[in-house]
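Notes for the one structure printed next.
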Amino acid sequence: MDLYGYVSCTPRIRHDVLDGLLNVYDPDELCSRDTPFRLYLTRYDCTPEGLRLFLTRGADVNGVRGSRTSPLCTVLSNKDLGNEAEALAKQLIDAGADVNAMAPDGRYPLLCLLENDRINTARFVRYMIDRGTSVYVRGTDGYGPVQTYIHSKNVVLDTLRELVRAGATVHDPDKTYGFNVLQCYMIAHVRSSNVQILRFLLRHGVDSSRGLHATVMFNTLERKISHGVFNRKVLDFIFTQISINEQNSLDFTPINYCVIHNDRRTFDYLLERGADPNVVNFLGNSCLDLAVLNGNKYMVHRLLRKTITPDAYTRALNVVNSNIYSIKSYGMSEFVKRHGTLYKALIRSFVKDSDREIFTYVHIYDYFREFVDECIRERDAMKADVLDAVSVFDTAFGLVARPRWKHVRILSKYVRGVYGDRVKKILRSLHKRRFKTDRLVRRIADLCGPDGLWTRLPVEVRYSVVDYLTDDEIHDLFVKIHA
């Protein structure tokens, strides 16, 4: 077996055999546009010792005319070598390999390095730049160093800094679609976007004007949502580029996609940021009916705490009405039973918020007749139960500025009703406030002493005075007095 056959076919290279063959055969002998030297550099078991043997026998470190590519580009592109490729590349450079020589296939050593995510570290890039490599080269795809690096799997801010500091441009567009570096990074790294890199690219002049940029940001956000990727800092960055209620060509908003893909974390984030759940897409859907269609109980409950428009209620109830109608026709009995709690929450909220009649949804009323009647009775009773011109309904559902302790007695009557969860929440807050109020009243009395003006005031007046303070004011005043 000759040197070419040994290097190309042997499962494991033995250095003693390789040394013997190199004494006989030319390491730069061209065969099918390849030399034994370049073939050796493509192997997974290429070592510095083996490379030293080739160099000792006179192998050309810049390759021979007619070969596929240069030895340095071969090593830098060989991902099978892992971190070993860095040591081999440095060995070639120390032996005289040209770091700026374009290989016969049009590639440059720096671009080969930046494509290889095993070795494209800031340290090695700095080494190449110190050895005189040019950062103004372009590959066969037209990309410069920054675009090439952005498309690799290992994008680190320190490496980008080294390239930009050496003069590499961040303004290279994508040759196929016209995306800039920032957009390419967002598209290529949906799961691993780093907000520091995004800010770095934006700070160095990447075009962020609307139009294509807004479309790319929105589409990237949709991909993140569909993959379940949540990064609050990256989302904050995206929403500096587009609106929280941005709509794509189909009139979908980001929160629409959260509901469609059941992405709870981004859904909660968008609601916190003030996303409008009532926006209607071109299919005529808003978030509430999409959540009902998906059977997502969590999202339905979260949405019902927001202000829902009558039309949004109508669409959601039409979904429920249709599902109940389909029980006998399509065997959906188990489906409706499984989502009964969700449907009841929707009905309960609709009866509370809307002046429209639930009876128009015939199948809903037939199926949930007792529950619907109970909701209506309790709603009407709460509206009729009035204390000091304020109804229990207004007190329980935040239609007055703040419930008072005097409302506890009449609120307690509705603890076991269909709106009991809301009433319990109000009562808990009132009891907590009463505890804070009582503590502050007693603390002021202790501070003033038995002969003070505060102590001589009637008890109900003392409590009325403190009751006008907000929770934060009560807390701050107590802390100051206690200190």
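Any Cβ shown, glycine's included, is placed from N, Cα and C.
Sequence annotations record features per position, and here Swiss-Prot assigns region 'PRANC/F-box-like' to 390-478.
Here the repeat 'ANK 1' (32-63) has Cβ contacts under 8 Å with residues 3-4, 7-8, 12-13, 15, 18-19, 22-23, 25, 69-72, 74-75, 78, 80-81, 84, 87-88, 91-92, 95-98, 101, 103-104 of the same chain, all six or more residues outside its ends. What Swiss-Prot lists as repeat 'ANK 1' is 32-63.
Residue counts for the repeat 'ANK 2' (67-101) by DSSP state, with H, G and I taken as helix and E and B as strand, are 21 helix, 0 strand, 14 coil. The repeat 'ANK 2' annotation in Swiss-Prot covers 67-101.
For 105-137, the entry in Swiss-Prot reads repeat 'ANK 3'. Mean predicted confidence for the repeat 'ANK 3' (105-137): the pLDDT average there is 95.
The repeat 'ANK 4' annotation in Swiss-Prot covers 177-210. Panel annotation: around the repeat 'ANK 4' (177-210), residues 146-147, 150-151, 155, 157, 160-161, 164, 170-171, 216-217, 220, 223-224, 227, 229, 231, 233-234, 236-237, 241 of the same chain, lying at least six beyond its termini, place a Cβ under 8 Å from a Cβ of the stretch.
What Swiss-Prot lists as repeat 'ANK 5' is 250-279.
Swiss-Prot lists 283-312 with the feature repeat 'ANK 6'.
Helix first, then strand, then coil: DSSP counts for the repeat 'ANK 5' (250-279) stand at 16 helix, 0 strand, 14 coil. Outside the repeat 'ANK 2' (67-101), and at least 6 residues removed from its termini, the chain residues within Cβ reach (under 8 Å) are 30, 33-35, 37-38, 41-44, 46-48, 51-52, 55, 59-61, 107-110, 112-113, 115-119, 121, 124, 127-128, 131-134, 137. Using a Cβ-Cβ cut-off under 8 Å and counting only residues 6 or more beyond its ends in the same chain, the repeat 'ANK 3' (105-137) has close neighbours at 68-70, 72-73, 76-79, 81-83, 85-86, 89-90, 93, 97, 99, 143-145, 148-149, 151-154, 156, 158-159, 161-163, 166-168.
For the repeat 'ANK 3' (105-137), the DSSP-based tally of helix, strand and coil residues reads 16 helix, 0 strand, 17 coil.
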